[in-house]
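Heads up, the thing below is written out as structure tokens.
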Amino acid sequence: MTTTYKILVLPGDHIGPEIMAEAIKVLTTIETHRPNLHFNLTTDLVGGTSIDTHGVPITQSVLDAAKASDAVLFGSIGGPEWAGVHPTPESGLLQLRQHLDAFANLRPCEFLVPSLVGASPIREHVVKGTRFIVVRENCGGAYFGEKKEEEDVASDLWVYTRPEIERLARVSAAVARIMGRSEDDNQAATVWSADKANVLASGRLWRRITSDIFAKEFPDITLQHQLADSMAMLMVRDPRRFNGVIHTDNTFGDILSDISGAITGTLGLMPSASLCGVPGEGHRSNGIYEPVHGSAPDISGKGLANPVAQILSVAMMLRYSMGLEKEATAVERAVVKVLDAKSEGGLEIRTGDLGGRATCSQVGDAVCEVLGPLLQGKKA
């Protein structure tokens with residue numbers, strides 16, 4: 001029996017189509033070695049290309065197609081040719097998130113490739129072994145609260161409700177369980193909840209409701225509370241301290257996610273996800289999967305783009321929207337084999353941003369070549 005997954009593919013602008021082509025190669029490779037899986041791909045426009053064709057950064061038909069899909073694979077959007085255009089290309093992504101109610105943003109921070117730890121601006125002995133995921137509430141808080149702005153005074157209402165906090169807590173718990181399974185020990189990862197309960201009423205509500213949910217529904221998962229400002233400091237001094245899942249609101253999640261990106265020092269390797277539901281509950285959970293980096297118009301069309309973040313976004317999609325852990329892990333292991341130094345047993349096939357000379361398509365081809373045997377149960 002074949003299981004079919006509907007995926008909406010939105011390559012976007014500039015390097016978006018280039019890196020997306022390599023991600024689709026990965027899905028095709030999985031289909032070749034997993035005859036019981038089929039990925040039904042529909043490709044459409046978003047961002048600047050949608051503005052050029054339709055006059056808007058995303059059409060209603062694309063929004064409807066996204067809601068009817070099992071997942072959305074998103075490229076990158078924007079560029080200087082759309083400067084001053086309103087609505088902006090980037091607003092297409094915001095509309096997509098709002099339409100799907102993609103309330104949980106996931107940003108991994110880890111050194112998947114051992115020999116690239118040196119890319120971090122922080123000393124290797126401090127960051128080596130770091131592995132956490134920031135789970136950020138994406139649809140509430142100060143960014144979406146009522147705003148007042150006058151000549152000499154302005155305010156942003158920082159509001160959270162019980163349902164908003166509860167649903168994110170359930171996502172954080174699910175991600176902690178999935179992290180534990182991926183480490184082959186079946187022990188859920190620790191969840192670190194970041195707030196400002198010492199000064200913010202919304203922070204006290206956040207801490208109380210998060211504690212209630214974990215005590216009642218996830219008593220086996222370790223929950224720790226940390227003030228967000230001290231977490232930001234400690235994340236730089238000792239990032240391994242927070243290995244596991246960081247569960248936090250929109251504002252603090254925005255800040256902590258950017259710090260996590262600086263820790264790795266390699267935006268070209270960083271995927272992300274915005275989930276519309278709790279993963280791993282025996283049903284499909286829609287989500288938007290995209291690289292963290294931008295559209296890089298300076299290298300567009302030159303074959304220089306690094307496709308790895310887009311490929312790792314595929315791995316996140318397989319894991320969180322489809323529950324295909326073995327396939328997700330195989331994709332990650334293929335990436336490690338391709339990028340890792342020859343001295344570490346890797347192929348050291350890298351694009352220019354990582355000090356190599358390989359083209360975008362050469363990296364994608366190499367990942368697929370390694371992935372095939374891994375899907376058959378062979379070692380890389």
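Just so it is clear, glycine is given a Cβ too, placed from its N, Cα and C backbone atoms.
Summarising the annotation, Swiss-Prot assigns NAD(+) binding site to 79-90, 294-306 and lists similarity to another entry as the type of evidence. Sequence-distant neighbours of ASN306 (NAD(+) binding site) (same chain, 6+ residues apart, CB-CB distance under 8 A): ILE19, GLY268, LEU269, HIS293, THR351, ASP353, LEU354, CYS360, VAL363.
Residues near ASP229 (substrate binding site) in space but far in sequence (CB under 8 A, at least 6 apart, same chain), listed by position: LYS196. Annotated substrate binding site per Swiss-Prot: ARG97, ARG107, ARG136, ASP229, in sequence order.
The Mg(2+) binding site annotation in Swiss-Prot covers ASP229, ASP254, ASP258 and is backed by similarity to another entry. Listed in sequence order, there are no same-chain residues at least 6 apart in sequence whose CB falls under 8 Å from the CB of ASP258 (Mg(2+) binding site).
The feature site 'Important for catalysis' is assigned by Swiss-Prot to TYR143 (among others), with similarity to another entry given as support. Secondary structure at TYR143 (site 'Important for catalysis'), as computed by DSSP, is helix. The Cβ of TYR143 (site 'Important for catalysis') has 15 neighbouring Cβ atoms from other residues within 10 Å, across all protein chains displayed.
Packing around LYS196 (site 'Important for catalysis') is summarised by its Cβ count: 19 other Cβ atoms lie within 10 angstroms of its Cβ, all protein chains included. In the three-state DSSP assignment, the secondary structure recorded for LYS196 (site 'Important for catalysis') is coil. The feature site 'Important for catalysis' is assigned by Swiss-Prot to LYS196 (among others), with similarity to another entry given as support.
Here the binding-site residues are ARG97, ARG107, ARG136, LYS302, and the one with the most other Cβ atoms within 10 Å of its Cβ is ARG136. DSSP assigns ALA83 (NAD(+) binding site) to coil, not to a helix or a strand. For the pair ASP254 (Mg(2+) binding site) and LYS302 (NAD(+) binding site), the C-alpha distance works out to 32 angstrom. Max Cα-Cα distance over the annotated substrate binders (ARG97, ARG107, ARG136, ASP229) is 27 Å. Here the candidates are the recorded positions ALA83, PRO87, TYR143, ASP298. The one whose C-alpha lies nearest to that of ARG107 (substrate binding site) is TYR143. Here the candidates are the binding-site residues ALA83, GLY294, ASP298, LYS302. The one whose C-alpha lies nearest to that of ARG97 (substrate binding site) is GLY294. In this structure, LYS302 (NAD(+) binding site) belongs to neither helix nor strand by DSSP; it is coil.
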